[in-house]
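Structure record follows, encoded as structure tokens.
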Amino acid sequence: MAFTTQALASVAYQVGNLAGHTLHMLDLQGAALRQVEARVSTLGQMVNMHMEKVARKEIGTLATVQRLPPGQKVIAPESLPSLTPYYRRPLNFGCLDDIGHGIKDLSTQLSRTGTLSRKSIKAPATPTSTTLGRPPRIPEPVQLPVVPDGKLSAASSASSLASAGSAEGVGGAPQPEGQAAPPAPPLPPAAAAEVFLPPPPLEELSPPPPAAELAPPLDLPPPLDLPPPPALEADELELLPPPPPGFGPDEPSWAPAAYLEKVVTLYPYTRQKDNELSFSEGTIICVTRRYSDGWCEGVSSEGSGFFPGNYVEPSC
């Protein structure tokens, strides 16, 4: 019995030692695994640091400052050009005549041809080019026809009748017999300048046409009578509206002695200040003064003061 107990105790002791050694071995293996894990993490950190350094270098190469070689931008000339002294030079107005497109000068053409009035006033010009030894020939004036002595009185009477008829048609009613005709106005300078030849003598006037060729007077119909106005019926007759109060033959007691005009209010107005005038629609106001800003000053049956000018209209 004692030997059995001793054998079992020795077996239990061996098993305990084996278990203790096994646990110690497991602890050592765990420590080795932790060391390996630490080394792996250290290597991972080193790899990350290396990659970050490489990336920073790449970024640095892109952001490098390009230094330009220092140099002077503005280069001063070695020698300044010599300036010529200033002096007055006359202007040449014909230096640009040959530049650009040419135009036709109309002033010389007008001076050569002239206008209609110049042609009528201007005397016949002499020829510019003549043959050697021959003087320029001046054309002779045209002779006017001669009027016989017996028909001079008839021509003068016909011309006087024609002038009287034209004066009545243009100027209106004829002058009375007792009143003398007004003197003719003087000719303007332009018209006086155009008269360059004297009138022909009375003996050279053309003879009037015979009495048979004169046109007979026209028989004008008598003027038509105007139609009478249409008769108004009793329904169409309407009484005029009575005038507003204050427009009687006598001035009201509140009207001032002197005023510009009477006006009638179109809209009611309530005063905004103490010096303004309040009124209703249809009130009569005597305007005593007008201002440039559109306001007026006047007197009404309710008092005196200022009021806007666009609220009233002149009374007829």
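Cβ atoms here come from the backbone N, Cα and C positions, even for glycine.
What TrEMBL records for this protein:
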COMPBIAS  153-181  compositional bias 'Low complexity'
COMPBIAS  197-211  compositional bias 'Pro residues'
COMPBIAS  218-228  compositional bias 'Pro residues'
DOMAIN    258-316  domain 'SH3'
REGION    111-228  region 'Disordered'
The average per-residue pLDDT within the domain 'SH3' (258-316) comes out at 91
Using DSSP three-state counts, the residues of the domain 'SH3' (258-316) come to 3 helix, 30 strand, 26 coil
